[in-house]
Amino acid sequence: MAHSVKVYDTCIGCTQCVRACPCDVLEMVPRDGCKAGQIASAPRTEDCIGCKRCETACPTDFLSVRVYLGGETTRSMGLTY
């Protein structure tokens, strides 16, 4: 099941999210103006299972990578309030 994965400009290029993803959804790409010279990218969102391990691994206070779950997935994971 595909989910929307967004990488924000606050990404510091640490690769933690890429290494945490069990489905190889994320990869690092070159980025000018970034201190690390690279930033995370999500070219394979159709493979995202919504586990949010990438979010958990992100060391920034801004959660530079976010996974947005669809309504059905949110309900099935018991995340509705």
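Using N, Cα and C of the backbone, Cβ positions are placed for all residues, glycine too.
The [4Fe-4S] cluster 2 site recorded in Swiss-Prot includes CYS48, CYS51, CYS54, and the single candidate from CYS21, CYS34 that the record places there is CYS21. Residue counts for the domain '4Fe-4S ferredoxin-type 2' (39-68) under DSSP, helix first, then strand, then coil, are 8 helix, 7 strand, 15 coil. Taking CYS54 ([4Fe-4S] cluster 2 binding site) as the reference point, the binding-site residues whose C-alpha atoms are within 10 Å of its C-alpha, out of CYS11, CYS14, CYS17, are CYS17. Of the recorded residues, CYS51 ([4Fe-4S] cluster 2 binding site) and CYS11 ([4Fe-4S] cluster 1 binding site) place their C-alpha atoms 19 Å from one another. Its Cβ placed at the centre, CYS14 ([4Fe-4S] cluster 1 binding site) has 17 other Cβ atoms within 10 Å.
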